[in-house]
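Trainee: My questions will all concern the structure given below.
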Amino acid sequence: MNRWCVWQGLLLGLVLLLATSPELRQVEGHEEHDAHYWQHMAHELLFEKKDYTMQKINVAKNIMVFVGSGMSQATVTAARFYNGGDNETFAFERLKWSGNARTYCVDSRVPDSACAGTAFLTGVKSNRGTVAVDPTVQRGDCSTLDAAKKLTSIANPDSGWESDADVTAAGCSSATTSDIAHQLIHGDIGKHFKVILGGGRKNFIPTAQTDASGAPGLRTDGKNLPQEWQQSKQGKNATYITTVGELASLDTSKVDYLLGLFDYDHLPFSADIADGSDTPALVRMVHYSLEMLQKPEHTDGFLLFVEDGNIRRAHGQNKPRKAFEQVRHYAGAFNMAKMMANEQNTLFISMNDVGSTLTLPGYAARSSDPTATAAGTSDADALPYLGLSYATGPAHSTYYGPGTGRLDPLKVLEGMPNALERTCPAVVPMAEGVDGGEDATVYASGPWAFMLSGGYEQHFVAHTIAFASCMDGACDGAATAVLSLGAVLLALGVRFLV
Ligand SMILES: *[C@@H]1O[C@H](CO)[C@@H](O)[C@H](O)[C@H]1NC(C)=O
Ligand SMILES: *[C@@H]1O[C@H](CO)[C@@H](O)[C@H](O)[C@H]1NC(C)=O
């Protein structure tokens, strides 16, 4: 018997074994019961991948990096079911290569978005809570920050220092330690960005002025950063917008620089953006960004960086449905970006920065909704349990009674008629759930994407991007295209701004 036959024999044994389980019988009358269905599916992918590895490798002229913050593998698996079925495939999952990035930071086994972002954008690991400063700088400590310790990016010893008020509240001088919003507008890197879209307007305007929503800004230095941004782009068309209507009516061929701040605070969850709201969908922001970046005059290529911070925020509130809706919008935006660019000269990356504490305990039936029905019954307390749960977060108090212990989750859910607001149980009570520390999955296609397969440290991603695009001659002098800093970056990252 050759090896293939042995495998088929084993598989058949497995299929027979499974066929006796009650769960499988619930999914009836479709192709999955036919062995050819699985064989055909695998063969198609086999040939697609075989052809792909035979292609010539170009320099990556353009780079697109999509980050789903908190989009752990458990999140992707559960979101697949939520958005169509266990066999649903998100656009980013169709990228040809994938690998696992170890996300720990220098002082913490589990990273936060600040040190994780520092790793994959600057190529150096650092301490938790710090942004683009080397690992000798501790969070919140401006006394250890000097110019030599700044890595090439937007640098800050604390990811919470979004406006100058945050810096001075921490006992530091805003004259020597520039806040994140200020760096985005005036910093050595930030001032070159062609397109910046996101939320967090409150950090860009002074306390004496109100923003489009009627609320006052937070800046105590009196600066109106959008105005200063426009003045600094003299002779160019620098357009500042705050609504989806303004975005939709842009003639991008006339605009040289674009700044869009679409919310006073965090951008809302995709699931909460109502028709007629001022907030553009992620897919729209990506579309207009690419229109700006793909102008013929950008002959050196571009870097598009898109971060969705709301998957992580939804997990922090223990609201899995909001997280899964967000994943769907993220995947849709990625899909459109993928279709607008060419894999021959564009390196596409989709990954998560940090994990989540979401788990999928066994053994829910295939057809069941993990956020609404029981996965099984506990053999210890005889109560049902849901197909999803969190290790930490505010939903603890909803699912555990004082003195009585665990409540019946199905009864608890009856009291939450709004499906999107439904939570899943958390073991440890916390006002906001924390991030998870499992490896991040990195998906990639395009020039040199195969370098991102296997297991590696998260900061390797930045080095791969530099190599693939020959940034700073990082590819052995074989450079034919150099990505100029004057090119582009899109900081949709609500996290850095908000
Ligand atoms: C998922 O499986 C169902 C049932 O076999 C099938 O009808 C559907 O086309 C599959 N969807 C995808 C995206 O493969
Ligand atoms: C700048 O671009 C905007 C957006 O398309 C346009 O409305 C405006 O007229 C342009 N301004 C100038 C001075 O060209």
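Yeah, the Cβs are placed from backbone N, Cα and C, and that goes for glycine too.
Annotated active site, phosphoserine intermediate per TrEMBL: S113, in sequence order. According to TrEMBL, the feature Mg(2+) binding site maps to E307. As annotated by TrEMBL, Zn(2+) binding site applies to D353. TrEMBL lists 1-19 with the feature signal peptide.
Describe the structural context of these features.
Mentor: Mapped onto three states, the DSSP output places E307 (Mg(2+) binding site) in strand.
Long-range neighbours of D353 (Zn(2+) binding site) (same chain, six or more residues apart, CB within less than 8 Å of its CB): V67, S69, G70, T103, P111, S113, A116, G117, F120, E307, A440.
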Trainee: Across all the protein chains here, work out how many other Cβ atoms are within 10 Å of the Cβ of S113 (active site, phosphoserine intermediate).
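Mentor: There are 24 such Cβ atoms around S113 (active site, phosphoserine intermediate).
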